[in-house]
Structures are given as structure tokens and as C-alpha cells.
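First the structure, in the form of C-alpha cells, and then the observations on it.
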């Protein structure tokens with residue numbers, strides 16, 4: 001009796017899956033959009049940091065108001081965004097801090113992604129200490145003196161070493177190798193997310209406590225909390241080639257735009273506009289600070305900037 | 001892991017069961033003592049032998065197997081073949097396109113109803129489910145309030161998108177869960193085979209399998225939908241199976257004597273008798289699905305989760321809260337509505353019985369159609385209120401004034417976490433295995449000892465020994481805190497009914513508010529440390545423990561308590577001598593839920609400075625390194641298995 005029942009159940013389950021797979025009688029469309037929500041549409045990814053949100057907000061404002069497109073934005077991690085760009089789930093990444101592995105795979109090998117040119121903003125990663133601490137101890141800004149201050153950076157988490165605060169796993173970092181190769185009494189502590197890192201920095205700054213952190217420019221927080229970069233051994237082309245042996249500073253990275261190959265060819269005015277999109281670090285920071293510092297919505301911040309900077313963005317519009 | 005019943009309402013044992021268990025307690029105790037002595041002796045011998053033969057230190061490098069290589073290769077293959085391989089073209093892509101279309105369809109349907117139509121539908125369905133009386137009114141008002149607040153917070157559109165995703169994923173999860181539950185309820189063998197699968201579905205962090213799903217199904221709705229289904233289906237399956245197994249034998253007997261064959265019996269007796277359990281299962285499935293809303297946003301599914309997630313980038317707690325609150329409200333609305341439907345209060349018998357069945361539903365449909373015909377669009381912009389500024393002010397004030405938290409966090413790390421972690425890491429690997437085996441054997445039997453040891457060994461083989469022990473130390477600390485606080489609060493709530501009523505909305509909020517919302521306040525109070533990770537875990541796991549404890553104590557036979565009182569026992573003696581021992585099965589379930597829920601937050605802990613396995617899982621997702629993420633995910637599942645076996649008695653009541 002029991003086996004009969006089990007058998008019947010199995011048939012029922014198999015039947016259900018059968019019906020499901022019946023829908024699979026023809027080949028599916030591959031380039032179909034995977035977002036719930038609408039033909040003149042541009043799909044952009046919104047990275048998690050505010051500078052990149054500013055790019056997208058301004059691009060969206062102009063695409064919608066000036067060129068009559070509908071812009072759909074999707075939030076996701078950086079590597080996922082590359083994958084989605086390759087598939088055509090999104091059309092463009094406006095700010096990329098360097099993903100050599102993905103660039104090789106999608107731009108050089110599969111040719112599903114093409115370069116979109118410079119964003120105009122130059123990014124730089126480094127180690128930073130707060131200005132109030134650097135003012136008291138000016139020699140902390142040279143890596144050679146860091147071991148002297150390791151004690152000041154000590155926390156319950158880092159034991160007898162100084163704590164070097166790190167951010168999200170998304171970010172490019174060689175810090176563990178740098179510490180080891182320069183023989184520093186520091187230990188990395190991964191906050192795990194940008195939000196946690198910023199909150200921790202704000203907390204230190206409010207209490208005027210010493211700290212050292214992995215940090216970068218452009219970043220809106222830099223307008224609120226003054227930080228000074230610690231000089232690491234100078235960056236030379238190729239000194240970061242072997243991730244195990246890095247013992248030098250991070251390079252200055254001109255941030256890049258990337259477009260889906262099909263979109264770049266067939267995207268018309270929108271694609272042309274996104275290729276032309278180029279502004280300065282200061283301009284990006286202006287919008288970013290409105291969003292993060294003044295807690296304006298990205299739309300409102302972009303609207304304000306677009307109203308005040310007509311000359312800048314008129315140059316980005318496709319030539320008629 | 002046993003049934004994950006987070007908002008437990010029927011989990012407590014009946015007093016009768018508890019008493020029969022107590023009568024066998026003495027024999028049990030003697031057997032236990034003997035077992036303890038024997039176990040201690042064997043353990044001592046083995047420890048000495050191990051020390052001589054194997055030496056100390058962490059897991060030997062020679063005994064590891066790196067699975068990230070093959071996983072990364074699989075990852076690569078998918079990326080290279082997904083546009084051309086028939087498996088994708090003829091099957092998987094259909095799945096993902098259908099999923100997108102379904103969610104899109106529901107969203108557009110809701111959007112077409114307009115805000116008045118959606119509200120009418122929610123309120124009337126709630127009212128219809130809960131009946132005509134005062135209860136119906138209250139449930140209907142809850143629905144109205146929930147939607148009105150979502151609108152007022154300016155989250156109307158995001159709420160609709162989230163509801164659309166929830167409707168489709170809950171529907172799939174419920175059907176899938178019911179089918180699995182049916183199979184497990186009818187066959188013992190299937191039940192046994194499925195249990196570990198269901199456990200893994202719940203304990204494996206969604207972050208770990210999100211990446212493969214994104215690669216196969218694409219970013220956006222499909223990946224989010226399927227992940228949600230995986231996480232949300234188990235409670236439905238478990239409770240369906242439980243309902244089928246627990247059906248009243250007398251009723252089944254009656255249907256057999258009436259000449260019903262197997263299928264008839266299933267449709268006319270067993271399934272109707274399991275209705276309450278199945279509806280509770282549906283309720284739990286909805287809650288689980290809602291807890292995936294923010295994780296879905298990580299791969300671009302949009303909705304409320306995206307609002308929460310984007311608020312994090314600007315460390316805007318107020319905005320995150322404004323987006324998290326609707327999630328709590330949807331949960332409360334659905335919880336009350338499905339609970340009312342489960343109790344069957346909406347079924348005939350009450351006054352106005354002409355208003356039930358098809359007639360009442362027709363009325364509901366007509367009213368909704370009328371509301372939709374007004375053709376309102378989305379929620380009017382002028383009817384919104386921005387709560388983010390006051391919330392941010394409050395948060396800043398609290399974090400500026402509660403400075404003792406930081407001192408506490410520091411001391412806790414120095415005196416509890418560091419010694420615990422260092423101690424675990426310092427222990428020779430074989431002695432950890434022995435300890436696990438001994439503990440599991442003492443609590444359960446040799447089968448659980450073997451399972452637990454194998455799971456612990458698997459962690460070593462995966463090459464994440466030290467990280468796992470670090471995570472284990474955090475989990476243990478969080479678990480102890482959760483249980484101590486939870487039992488205390490549970491006892492208080494069981495004794496003071498009014499307190500429980502006050503606490504209930506708070507517990508609801510703690511359970512359904514996405515952990516991402518309190519990420520920033522936690523870091524602001526405790527710093528980016530392991531302590532923050534532990535606090536986040538305690539906040540999440542506490543409500544279930546409080547609820548189960550309260551329920552368990554409440555259901556202790558009043559006669560037993562009365563008897564002890566008449567014998568002159570003080571309140572304390574009553575509690576310690578009678579109520580707590582009688583409520584032991586419920587307390588054990590509470591421990592089990594503590595383990596499951598604390599493990600569920602390990603990944604979130606990685607986002608606030610918890611490091612170890614949680615960080616690896618997030619890193620795997622955000623860097624696209626499937627091997628790293630999956631390895632850490634599997635290690636978390638193994639830790640869950642170990643903890644389950646060393647905390648749960650094997651004399652499990654049939655589920």
C-alpha cells in the first residue's frame with residue numbers, strides 16, 4: 001500500500017515538473033531584459049558608492065529630460081554588473097575602478113563589452129589618517145614611521161598590532177601584502193561594507209581618536225572629515241604585478257566607462273551621449289556631497305546640478 | 001535542524017506529553033549518568049592517545065581538499081556557454097523569462113488597480129479571511145494601516161514591486177513545499193531523505209548560492225526569485241508533512257470504514273485535517289520570503305530592498321528605516337491575515353452566515369473592481385511624510401550619548417571573544433573532533449556523534465578550519481547571550497500577560513526588519529567589530545526564543561503548578577521545579593531555533609566586521625569567486641549540523 005502511494009506521489013511530482021518543462025519546447029530569447037518594471041530604454045547599473053550614484057543620477061536626468069529616453073537603474077555588485085553588461089542586462093557601467101580579469105574575459109576574449117572612454121575623474125586609493133592626528137604627529141604621514149604609532153592604532157580586535165581599517169570586499173586592495181612586505185606592525189580589519197567603514201570612521205572622528213584606514217578619493221566623506229594620506233613607497237609601473245610581492249603605493253586610476261557591445265553599436269543617441277559623458281572630480285563631488293552630505297535624493301541633486309551647469313553637459317549631447 | 005517555526009504559535013508540547021516524559025525521567029537520569037561516566041573515561045584515554053600519536057596544532061594541510069578550483073571552473077563554463085548551450089536555450093532561459101514575466105505581470109496588475117484598488121483588495125481580503133466580528137474588523141484595520149503607512153512613507157511603488165515579487169515567489173514556494181511535504185508526509189523514507197536537504201536549504205546562506213543563480217539565470221528578478229523560493233519552501237514542506245502525519249487516527253479510521261480508497265482518503269480526510277498546519281506553513285513561508293527582500297536587491301531585483309540597500313551607501317539610517325518599515329508592515333498584515341484564515345474564523349457559523357463562501361468573495365471582488373474603476377494611479381506625492389530626518393537625529397543622539405556600549409564591546413572582545421577564539425584555535429584538531437563526538441554522543445546517540453564528527457571533519461577538509469573556529473566562537477557567544485536573554489524575557493512574558501502584549505509588536509519588528517537597517521546603528525554603537533556581529537545576531541534570534549519560551553511555559557499544565565503551590569512552593573520553586581522542567585521540549589526547540597537563526601546572521605555579521613566565514617561569503621559574491629563563497633557557505637552548514645547534534649536530544653518527537 002505504502003509503495004503504491006509513494007509511487008503515485010512520485011508520478012504527481014514528475015507530472016508537475018513535466019508541465020513546467022513543456023513550456024520549454026522552443027529556444028528562449030537570450031537578450032531579454034530580466035527586470036520587472038518596461039522602447040527607448042537605457043539600463044544603467046548603480047554601484048554602491050555615492051560618486052558612482054552621482055554619475056548615474058546626472059546621466060539619467062539628461063537622458064530622460066533632454067533626449068527622451070527612459071532610464072532603468074539596477075543596483076548590484078561590481079563583478080555582477082560586469083556579467084550583466086556582457087549579457088546585455090545592463091547597457092553601461094559609468095565608473096569602473098579597474099577589473100583586469102573581467103576586462104580580459106569580456107572585452108578582449110568574448111568581445112561583448114567595449115570601452116566607453118574616460119569618465120574624467122581620477123581615482124586614487126591609499127592609507128589615510130585623520131588630520132587632527134597628523135597635525136599632532138606630522139611624521140606619521142611617512143610609512144617608515146608607522147611602526148612607531150602602531151600602538152595608537154591598537155584595538156581589542158587587532159591584539160598587539162595596530163589596526164588598519166579596511167572596507168568592503170568589493171574593493172581592490174593589496175594591503176595584506178604591503179604590510180607583510182614592508183614589515184609593518186599593522187593588521188587589517190575588514191569592516192565588510194562601505195557603510196560599516198564610514199560609520200566607524202565617523203565614530204573615531206567624533207571622539208578625535210587616532211586611526212588609520214584604507215581610503216580613496218574622490219569620496220564625499222572627504223568634505224566632512226579631513227584626512228591626510230600616508231606616503232607609501234612610490235608607485236612604479238608593474239610594482240603591483242605580483243599580488244604577493246606588492247610593496248608600493250596604489251596608482252592613480254583614470255576611471256573608465258564600459259558599454260555593452262551591441263548597445264554601443266545600436267544604442268543611437270543614448271550610446272553617443274554616454275560615450276561623451278565626461279566631468280571632473282570636483283563636479284562629481286559636488287553632486288555626491290548633495291546626496292550623501294545633505295541627504296538629498298539623487299534625482300533632486302542631479303536636477304539641481306543640471307540646472308546650474310548647462311554649459312558642461314550641453315557638450316555631451318550628440319551632434320545633430 | 002527541526003522545523004524552523006519562527007512565529008511559533010503551536011510549537012509548545014501539550015502538558016500531557018510533558019508529564020509522561022517526566023515519569024520516565026528518573027530511569028533516563030540514571031542511564032545518562034552511566035553514559036557520562038563511560039564517556040568521560042573513553043574520552044580521557046583517547047585524549048592521551050591522540051596527544052602521543054598525532055601531536056597538536058590546527059588542521060593538517062595534507063588533509064585538505066580545495067573545492068574552489070572545480071567550482072570556479074564550473075562558473076567559467078556557465079559564462080562561456082549560457083548563450084549557446086541547449087540546456088540554457090531550451091530550459092533554463094525559459095524559466096528565467098517566465099519568472100520575469102510573472103513578476104512583471106503581477107506588478108502591472110497591481111499598478112493598474114491604482115492605490116485605491118490595491119487598498120480595497122488588501123482590506124477586504126483581510127476582512128473576509130478573519131470573519132465579520134471584532135476580529136475581522138481588527139485584521140482589516142491592520143491591513144488598512146499597513147498600506148496607508150507604506151504610502152505615507154513615500155514607498156508605494158517600491159512596496160508594490162516587492163509585493164509582486166513576494167506573490168510569485170510565495171506561490172511557487174508554497175506549491176513546491178506542499179508537494180515535497182506531501183511526499184514526506186506519506187512516506188517515512190522520503191521524509192528521512194528530505195530532512196537534511198531541507199536543513200541545508202535553510203542554513204546555507206543565500207549569499208553563497210546567489211552567485212551561481214545569477215550566472216545561470218541572470219541578474220534581477222529570476223535569480224532573486226529562485227533564491228527566495230529555496231529559502232522559503234522548507235517550512236511549508238515541514239508543516240505539510242507534520243499535518244499529514246498528525247491527522248487524527250479516528251477520523252482516518254472512519255473514512256476507511258466508509259470505504260474510501262487511498263486517494264479519496266487523502267483528499268477528503270488527510271488534507272482537510274492538515275489544513276491548519278498547512279496554513280501555518282504558508283504563514284512561515286511568507287515570513288521567510290520577506291526576509292530575503294534585501295538580499296534580492298543585491299542582484300538588482302529592485303523594490304523595498306533596493307531602497308534599504310541604497311540608503312546604506314550614504315549611511316542614511318532614516319531612509320533605510322523608512323524602507324524597512326513597509327517590510328515589517330507587509331509582514332504584520334500577511335501574518336494576521338493568514339493566521340486568521342488558518343484559525344478558520346472566516347468560515348460559517350458566526351452571525352450573518354449568508355455572507356460567506358462564494359457570495360462573500362463575489363462581494364469582495366465587486367468592491368475591488370469598483371475601487372479600481374475609480375482609476376487612481378500610484379500614491380499621491382503630496383500625501384507623503386519624510387521620516388528620515390527625525391530618525392537620523394534620534395540615531396545620532398543615541399549613538400552620541402550611549403558611550404558605554406563601546407567600553408562594553410571592548411571588554412567583551414578582550415575577555416570573552418578573544419580567549420574563546422584563541423582557545424578553540426589553540427586546541428589540537430583531533431581533540432576538537434573528539435570533543436564534538438563526545439558531546440554529541442552524550443546528548444544523543446552514536447549516530448549523532450558520527451554525523452557531528454563528520455561535519456566537523458568536513459570543515460577541516462575544506463581548508464577553512466581556523467576561520468570556522470573563529471566563526472564558531474562568535475556563534476557560541478551570540479547563542480549564549482540569546483538564550484540567557486530569551487529565557488529571561490520569555491519567563492517574564494509568560495508571567496505578565498500585559499507585558500507580552502506590549503512586547504509583541506517589538507518582537508515582530510525585530511524579526512522582520514531587514515538586518516541591513518540596523519547595520520549602521522550597530523556599528524555606530526559597537527564599532528566595526530565582532531561584537532557588532534554578535535549584537536546583530538542576538539537582535540535577530542531573540543524574538544523566536546522569547547516566543548517559544550513564553551508559549552512553552554504557558555502551556556504547562558495549570559494543575560501541576562496549582563499542586564506545587566498547594567504544597568507550599570514559592571514562586572521561584574514553582575518556576576524552577578515545575579514549570580521549566582515541564583516545558584523542556586519547548587525550551588529545546590528554542591535552543592534549536594537560536595542555533596538556526598544565529599547562523600543565519602553570520603553573513604550579515606561579515607558586513608559589520610565579523611570577518612571569518614561571513615566575510616568570505618560576501619567576498620565570494622561581490623568578487624564573483626564562486627569557490628570562495630560556496631566553501632564558506634558549506635562550512636556554515638557544517639557548523640549548523642554540529643551545533644544541532646550537540647544541542648538536540650535524538651529522542652525526537654515525530655514530526
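Numbers here mean position along the shown chain, with the first residue as 1.
In case you wondered, yes, glycine gets a Cβ from its N, Cα and C as well.
What TrEMBL lists as region 'Disordered' is B:1-24.
Among the features that TrEMBL reports, transmembrane segment is placed at B:36-59 (among others).
Among the features that TrEMBL reports, transmembrane segment is placed at B:106-127 (among others).
If you look up TrEMBL, you'll see B:139-156 (among others) marked as transmembrane segment. Away from its own ends, the transmembrane segment (B:139-156) comes close to residues 115, 118-119, 122-127, 129-130, 304, 307, 322-323, 325-326, 329-330, 332-333, 336-337, 340, 378-379, 381, 383-387 of its chain (Cβ-Cβ under 8 Å, at least six residues beyond either end).
The domain 'ABC transmembrane type-1' annotation in TrEMBL covers B:159-338 (among others).
The transmembrane segment annotation in TrEMBL covers B:162-186 (among others). Below 8 angstroms of C-beta separation, residues 99, 102-104, 106-107, 110, 194, 198, 221, 224-225, 228-229, 232-245, 266, 270, 274, 278, 281-282, 285-286, 289-290, 292-293, 296, 301, 303-305, 326-327, 330 of the same chain, each at least six residues beyond the ends of the transmembrane segment (B:162-186), sit close to that stretch.
Taken from TrEMBL, the feature transmembrane segment covers B:207-233 (among others).
TrEMBL lists B:286-305 (among others) with the feature transmembrane segment.
Beyond the transmembrane segment (B:317-334), the same-chain residues lying 6 or more positions past its ends with a Cβ under 8 Å from any Cβ of the stretch are 122, 126, 142-143, 145-147, 149-150, 153-155, 158-159, 162-163, 166, 283, 286-287, 290, 293, 304-305, 307-308, 311, 386-392, 395, 505, 508-509, 511-514, 516-517, 520-521. Residues or ranges marked as transmembrane segment in TrEMBL: B:317-334 (among others).
Remote same-chain residues near the transmembrane segment (B:424-443) are listed as 32, 35-36, 39, 42-43, 46-47, 50-51, 54-60, 449-453, 456-457, 460, 465-466, 469-470, 472-473, 642, 645-650 (criterion: CB distance under 8 Å, separation of at least six residues from the stretch ends). What TrEMBL lists as transmembrane segment is B:424-443 (among others).
The transmembrane segment annotation in TrEMBL covers B:449-466 (among others). Taking Cβ pairs closer than 8 Å, the transmembrane segment (B:449-466) reaches residues 58-59, 63-67, 425, 429, 432-433, 436-441, 613, 616, 631-632, 634-635, 638-639, 641-642, 645-646 in its own chain, all 6 or more past its ends.
Under the heading domain 'ABC transmembrane type-1', TrEMBL lists B:468-647 (among others).
Sequence annotations record features per position, and here TrEMBL assigns transmembrane segment to B:475-496 (among others).
What TrEMBL lists as transmembrane segment is B:594-615 (among others). Same-chain neighbours of the transmembrane segment (B:594-615): 1, 4, 6, 202-203, 205, 207, 464, 467-468, 470-471, 474-475, 478-479, 482-483, 486, 515-516, 519, 522-523, 527-530, 532-534, 536-538, 540-541, 544-545, 632, 635-636, 639-640, 643-644, 647, counting only residues six or more beyond its ends whose CB sits under 8 Å from a CB of the stretch.
Same-chain residues lying 6 or more positions outside the transmembrane segment (B:627-646) and placing a CB less than 8 Å from one of its CB atoms are 1, 66-72, 75, 199-200, 203-205, 207-209, 211-212, 436, 439-440, 443-444, 448-449, 451-452, 455-456, 458-459, 462-464, 467-468, 471-472, 475, 479, 592, 595-596, 599, 602-603, 613-614, 616-621. Feature annotation from TrEMBL assigns transmembrane segment to B:627-646 (among others).
Counting residues 6+ beyond its ends, the transmembrane segment (B:207-233) has Cβ neighbours under 8 Å at 75, 78-79, 82, 88, 92, 95-96, 99-100, 103-104, 165, 168-170, 172-174, 176-177, 180, 201, 285-286, 288-289, 291-292, 295-302, 603, 617-618, 620-621, 624, 626, 629-630, 632-634, 636 in the same chain. Long-range contacts of the transmembrane segment (B:286-305) within its own chain (CB-CB distance under 8 A, at least 6 residues past either end) are made by residues 4, 6-7, 155, 158-159, 161-162, 165-166, 169-170, 173, 206-207, 210, 213-214, 219-221, 223-225, 227-228, 231-232, 234-235, 323-324, 326-327, 330-331, 334-335, 338, 511-512, 514-516, 621.
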